[in-house]
Amino acid sequence: VGEGCQGNSIVYKSKKAERFHVKMGGPGSGKGTQCEKVVAKYGYTHLSSGDLLRAEVASGSERGKTLQAIMQKGELVPLDTVLDMIKDAMIAKAGVSKGFLIDGYPREVKQGEEFEKKIGAPCLLLYIDAKGETMVKRLMKRGETSGRADDNEETIKKRLDLYYKATEPVITFYTSRGIVRKIDSELPVDEVFGHVAKAIDDLK
Ligand SMILES: Nc1ncnc2c1ncn2[C@H]1C[C@H](O)[C@@H](COP(=O)(O)OP(=O)(O)O)O1
Ligand SMILES: [Mg+2]
């Protein structure tokens, strides 16, 4: 399980042979776009840590207000908060889901370790990889219509900095376990998906 992160994706297998996929990659690398296509083809439940957090903010709860302040600054929200939200969302769907695709999580090695302790170990991480300049270009364009507080140039640069610092060690961590499939996200959306689908099919 993981969040369609900034260009990476992970697949976890549980004892019941359910699959947990984690997608990771930089902001704007195309994680969300690819997750949607995976959901359509494979029927997995897509859990985006970013979307879960934004939904909490939109609810107007006290926790949401605290989260909004952190996200607006482009910083990472506390480890336990994100993991609890993902876990709750998974439990809610545990009986009916064919698998889980987790987008945007773990962002730090520590989050990955916590995830394994509380939920399980992944068998595939899809690393959706795009160049820094490509990610900035796509996010600026998305910002014209997304209304996301963090799709502005200053916050984008900060998120990218943080991404390279925090997420690359995560990829290294899962590379050492032999589960990383790096996907070139500079290609057109459908070609990127062809490689994503192949990585998932190769697991069978
Ligand atoms: N392969 C691709 N080629 C061109 N544009 C792409 C692309 N994949 C995604 N995009 C566009 C769609 C969005 O407007 C923007 C960011 O994509 P996204 O899926 O929201 O990224 P992420 O979820 O990784 O932040 O880039
Ligand atoms: Mg996204």
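Backbone N, Cα and C atoms are what each Cβ position is placed from, and that goes for glycine too.
As recorded in TrEMBL, the features of this protein are as follows:
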| type | residues | note |
| --- | --- | --- |
| BINDING | G28, S29, G30, K31, G32, T33, R142, L187 | ATP binding site |
| BINDING | S49, R54, E75, L76, V77, G104, Y105, P106, R107, Q111, R148, R159 | AMP binding site |
| REGION | 48-77 | region 'NMPbind' |
| REGION | 141-151 | region 'LID' |
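Mean pLDDT of the predicted structure over the region 'NMPbind' (48-77): 89. For R148 (AMP binding site), the nearest neighbour among the binding-site residues G28, S29, G30, K31, T33, judged by Cα separation, is G28. When every Cα pair among G28, S29, G30, K31, G32, T33, R142, L187 is compared, the largest distance found for this ATP site is 18 Å. Ranking the binding-site residues K31, R142 by how many Cβ atoms sit within 10 Å of each one's Cβ puts K31 at the top. With helix defined as DSSP H, G or I and strand as E or B, the region 'LID' (141-151) counts 6 helix, 0 strand, 5 coil. Most Cβ neighbours within 10 Å, among the binding-site residues S29, T33, S49: S29 holds that distinction in the structure as shown. Checking the binding-site residues G30, K31, G32, T33, Y105, L187 against ligand 2, the ones with a C-beta less than 6 Å from an atom of that molecule are K31, G32. V77 (AMP binding site) is 19 Å away from G28 (ATP binding site) when you measure Cα to Cα. Proximity of the binding-site residues (G28, G30, K31, G32, S49, R107) to ligand 1: a Cβ under 6 Å from the molecule is found for G28, G30, K31, G32. When other Cβ atoms within 10 Å of the Cβ of Y105 (AMP binding site) are tallied across all protein chains shown, the result is 28. All protein chains included, L187 (ATP binding site) registers 14 other Cβ atoms within 10 Å of its own Cβ. Taken residue by residue with DSSP, R107 (AMP binding site) is part of neither helix nor strand, so it is coil.
Ranked by Cβ neighbours within 10 A across all protein chains shown, the binding-site residues G30, G32 are led by G30. Shown are the binding-site residues R107, R148; of these, the residue with the fewest other Cβ atoms within 10 Å is R148.
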